[in-house]
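A.B. asks: Below is the structure I would like to discuss, written out as structure tokens.
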């Protein structure tokens, strides 16, 4: 900003400033503009011109709905009939309109309409809710320039590319806008991007300098400009373009782009030109559908459906062959065997002269008749159950994080049962296992270590070693001594440099420069409380906030930032008084993951040009000058100690610059920043390399990212449940290892297999710089180390040794190559814990894919940052932590929780319950349909495969929908084999899901066999008890309607009582559904029976006049239902008594009166602890085993 320009008072109050390096002259050829991917041309303030009209850009209307009014029915029906079962029922429903049908067409179609209609209604309601949101967004108002400096309110949906809009404070941006000016003279604004990336910190944006003077509506009356830029794309953080204004070209960058759905904050208004609209905006370009995930249970259920289809077609085929043979023999020598079918005067359906055709017709009839083997209501019932299960997860008070007001949130209900089958957890570290709330705790300055605090990792290591370290430096109650424990981000204690005492230190000048670097080298924004005068900071990361807070607490208070300066309040060593010093801010060279460092160039009050730099130790060390390494040995030693203590470290350095050197850099850097060519990044790196060199080392910072509450206990419980835990982190190996010890993933006595590329021969090749030789040698080294690890595992088979695999990012790149990844996985699976250090986001996703595909078991990934999105989407289940790194992980996840510790309850309680409920419910569905289907088949045999159903048409249709489905849904929502307390007390119970014990083929086929037995018992008991004898006192014998009614009654009782036997936890709702379904059957019999005979047909008054008055009906029903349940009851009793499953053992503890038997409970619980398990429980077990071995060795020695 020119020095002569008047700064508005509001600018002073809002503390919103930018950096001079944000503006640059346009001096580079537009090598990309106009080429592929860079063809967009925007005529600002001329949306109606001919050139703009022919480009046919997207409107600003956005649509997030899946359907429209015209496409709802066709698309929704297509989605429904993609399911093979629904398509099958559609075909049989169509065939029901032919003479082949064994039942009426209406009774066949109605259940299908109910099931498909219910699902379509659900889809329609969900889409209507999305439609309402779209209407609200599209009808928001924004002020648009209509000519002559007049701005009028217009709906968002009517915006066009090129429109000039005025957005006011706290309003959302209606499209992607080019910032032209703001209410501030220097044309900066403050933007909140929470809706885009979830980040709560505010971003600074700045307009091109040439338009920054357009401060009022009237200034846009004659404004014209042409913008040429990149085509629509999904990159939120990139924008390449140029603006032609008054016949001059000006470069554009992401600094000038305001993205749709972000919000204007702390700025009265901004003017902007619409660049991208509607579906072309970057936020809409990012709105891709997440990968479709289906649980293993659902995929297996499809196979069972196919098995039932095979059984159905097999029975129809066998029956048709037998029917054809019988039909062929119906008429021989004028003698009619089945005279009632009139084979001498028959149609094609029973014509002995055309038996093959009759068999084919019968096959089609049988296909329709046996359709009741397929549970038509299964899919819709499961959807209902999963939605209700998700509601219970969302409302679990034990997973509600009160501090942040964040409950658990199941973003999809498709994977509920998958939560009970997790074999491997792949976890991020920072922000997931740790808090991502950084505290400045230690530092090394001028070769001297400062900070007397004890980290959580040091405490854990002290406890592990039995050392008094964990208490020595605390107040005796386990609490860290801190000068000001209420200061967030600062947990530092050292009287040598606190309270101004640093001036007495030997290297006080180094200490002064060190904290000046912390106070100046950042992009934080100060906020001054008008009442108290206390300064707080808006920083882009927790680390940066901790640094400026530490500088403030030591006495170097960052107080004010303008576009061109930073003001500190610091101690003057000459006068001993606190003074204000203004540093002129010349350039900011920002931090990124490739550079791993950040620098600022300032001019101090003495006129010296200073480059201040902070960055990773490996990056800064190689940029030190020869005379800048005075403290390097001591500093590196301290950095290693800090890493051992689980701290995150950065090195701080500086250098003085010559005026000519800075001018050369500034010119080259500005050219690079304004470039729109493909090699822009390379040009910027070249410019920074020329000045970020010959640095003088000052020291190192160490900040602690503490473990979240409950992490060690959660990991211990998950390990006891048999779940493997891998940590994938970007931190260095030493930090990751010590965090592993702190959270009990590692323990003493656990053998560490460390794979790295720090061998001397590799380092020698790296210095030589031969890339092909480095790659070849590195890969060979990784393969050799992996094979050595596998050999070590093989030699330890049968022993209780536990192994941990630790691998760095460079080695991991080779380990994930196609010809190496299988042996790497073999080694990793043999280890109790795996830690991958320095992992990139892509490597995290590749490791997750390897574990998922290589083991074939369920994987769960958990993370909190944008760098975890890949692995969350790659895993079977993605869990997002709604922490401080933004919401991108949450938005890409299947389930969101606020803290890692809630994973324990989510998996061990809800996961186990959902898995058991869904699997039992599915098995029961198949059981009840096989009972019903086989009873039809047995009656088909009895009637010589005539195609005559045993039951009335409406009995057939309503069996699945009304008489048997509701109890199954209640089981799927409410049943509990074990209470939540016992699920957590006995984590081994989780292995029932992990090993899929409740949905194995043996268990599925057992349920099916039970259904077959029940059908046989019901059919033959009813048949033999009722045939050839009087049914009532009038001497009437049994007809089809009485036999069918009796069999149907027995089946309704049997399948509902079977449900009652399967339930472990009765609620009032389950009682109501089970007994209500049975009662509804009798009510239906009465009501349906009194309807017109043309409608009720064989059921006309059958209950009132025939069944109810006959004692034999009630006796047969009673004895049949008892007999049908005996096989299941007998099997269940024997299995529970002699071969109990985990949940049955725990039920015995609970209901058998042994809950107070400590010895029995411990015996059951210890079944989950194995020598290779991680967690503090396994650590104690290992210690006991070591003591036992030590005692035995001692006794052997004495002998």
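Here the Cβ of each residue, glycine as well, is placed from N, Cα and C on the backbone.
Just lifted these from TrEMBL, have a look:
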- 42-109: domain 'P-type ATPase N-terminal' (DOMAIN)
- 81-97: transmembrane segment (TRANSMEM)
- 103-121: transmembrane segment (TRANSMEM)
- 304-326: transmembrane segment (TRANSMEM)
- 359-382: transmembrane segment (TRANSMEM)
- 428: active site, 4-aspartylphosphate intermediate (ACT_SITE)
- 428, 430, 864, 868: Mg(2+) binding site (BINDING)
- 428, 429, 430, 544, 591, 614, 648, 729, 730, 731, 838, 844, 867, 868: ATP binding site (BINDING)
- 890-1140: domain 'P-type ATPase C-terminal' (DOMAIN)
- 925-942: transmembrane segment (TRANSMEM)
- 954-974: transmembrane segment (TRANSMEM)
- 1004-1026: transmembrane segment (TRANSMEM)
- 1046-1066: transmembrane segment (TRANSMEM)
- 1073-1091: transmembrane segment (TRANSMEM)
- 1111-1131: transmembrane segment (TRANSMEM)
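Give me the lay of the land around each of these features.
C.D. replies: Remote same-chain partners of the transmembrane segment (81-97), defined as residues 6 or more beyond its termini with a Cβ less than 8 Å from a stretch Cβ, comprise 103-105, 107-109, 111-112, 115-116, 302, 305-306, 309, 364, 367-368, 371, 374-376, 378-379.
Long-range contacts of the transmembrane segment (103-121) within its own chain (CB-CB distance under 8 A, at least 6 residues past either end) are made by residues 76-77, 80-81, 86, 89-90, 92-93, 96-97, 368-369, 376-377, 379-380, 383, 949, 953-954, 956-958, 960-961.
Over all protein chains present, the Cβ of residue 428 (active site, 4-aspartylphosphate intermediate) has 29 other Cβ atoms lying within 10 Å.
In the shown protein chains, 32 other C-beta atoms lie within 10 A of the C-beta of residue 868 (Mg(2+) binding site).
If you draw a 10 Å sphere around the CB of residue 430 (Mg(2+) binding site), it holds 24 other CB atoms from the protein chains shown.
Within its own chain, the transmembrane segment (925-942) has Cβ neighbours under 8 Å at 304, 308, 312, 315, 319, 366, 369-370, 372-375, 378, 381, 948-951, 959-960, 964, 968, 1004, 1007-1008, 1010-1012, 1014-1016, 1018-1020, 1023, 1047, 1051, 1054-1055, 1058, counting only residues six or more beyond its boundaries.
Through the fold, the transmembrane segment (954-974) approaches residues 103, 107-108, 110-111, 114-115, 372, 375-377, 381-382, 384-385, 388-389, 392, 917-918, 920-921, 924-925, 928-929, 932, 1044, 1048, 1051-1052, 1055-1056, 1059, 1062-1063, 1065, 1067, 1069-1070, 1073-1074, 1076-1077, 1080-1081, 1084, 1088, 1099 of its own chain, all at least 6 residues removed from its boundaries and within a Cβ separation under 8 Å.
Sequence-remote contacts of a segment are chain residues at least 6 beyond its ends whose Cβ falls under 8 Å from one of its Cβ atoms, and for the transmembrane segment (1004-1026) they are 304, 923-924, 926-935, 937-939, 942, 1038, 1042-1043, 1046-1047, 1050-1051, 1054-1055, 1058, 1112, 1116, 1119-1120, 1123-1125, 1127-1128, 1131.
Outside the transmembrane segment (1111-1131), and at least 6 residues removed from its termini, the chain residues within Cβ reach (under 8 Å) are 1006, 1010, 1013-1014, 1017-1018, 1021-1022, 1025-1026, 1031-1032, 1042, 1046, 1049-1050, 1053-1054, 1057-1058, 1061.
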A.B. asks: Excluding the flanking five residues on each side, which residues at least 6 beyond the ends of the transmembrane segment (304-326) place their CB within less than 8 Å of a CB in that stretch?
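C.D. replies: Those are 84-85, 88, 337-338, 355-356, 358-360, 362-363, 366-367, 370-371, 373-374, 922, 926, 929, 933, 937, 940-941, 944-947, 1004, in sequence order.
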A.B. asks: With a Cβ cut-off under 8 Å, give me the same-chain residues at least six positions beyond the ends of the transmembrane segment (359-382) that come close to it.
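C.D. replies: Those are 83, 85-86, 88-89, 92, 95-96, 100-103, 108, 111-112, 115, 118-119, 298, 301, 305, 308-309, 311-313, 315-317, 319-321, 323-324, 327, 348-349, 918, 921-922, 925-926, 928-930, 932-933, 936-937, 940, 945, 947, 949, 956, 959-961, 965, 968-969, 972, in sequence order.
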A.B. asks: At a C-beta cut-off of under 8 Å, are there same-chain residues at least 6 beyond the transmembrane segment (1046-1066) that contact it? List them, or none.
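C.D. replies: Apart from its flanks, the transmembrane segment (1046-1066) reaches 920, 924, 927-928, 931-932, 935, 939, 950-951, 955, 959, 963-964, 967-968, 971, 974-978, 1010, 1014, 1018-1019, 1021-1022, 1026, 1038, 1074-1075, 1077-1078, 1081, 1107, 1113, 1116-1117, 1120-1121, 1124-1125, 1128-1129, 1132, 1147.
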A.B. asks: Counting by DSSP secondary structure, give me helix, strand and coil numbers for the domain 'P-type ATPase N-terminal' (42-109).
C.D. replies: 31 helix, 3 strand, 34 coil
A.B. asks: With every protein chain in view, how many other Cβ atoms are within 10 Å of the Cβ of residue 867 (ATP binding site)?
C.D. replies: 22
A.B. asks: Restricting the comparison to the recorded positions 428, 430, 864, which residue's C-alpha is spatially nearest the C-alpha of residue 648 (ATP binding site)?
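C.D. replies: Of all the candidates listed, 430 is nearest in space.
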A.B. asks: What's the CA to CA span in angstrom from residue 428 (active site, 4-aspartylphosphate intermediate) over to residue 868 (Mg(2+) binding site)?
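C.D. replies: For residue 428 (active site, 4-aspartylphosphate intermediate) versus residue 868 (Mg(2+) binding site), the Cα atoms are 7 Å apart.
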A.B. asks: What are the sequence-distant neighbours of residue 730 (ATP binding site), meaning same chain, six or more residues apart, C-beta distance under 8 angstroms?
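C.D. replies: Non-local contacts for residue 730 (ATP binding site): 430, 809, 837, 838, 839, 840, 867.
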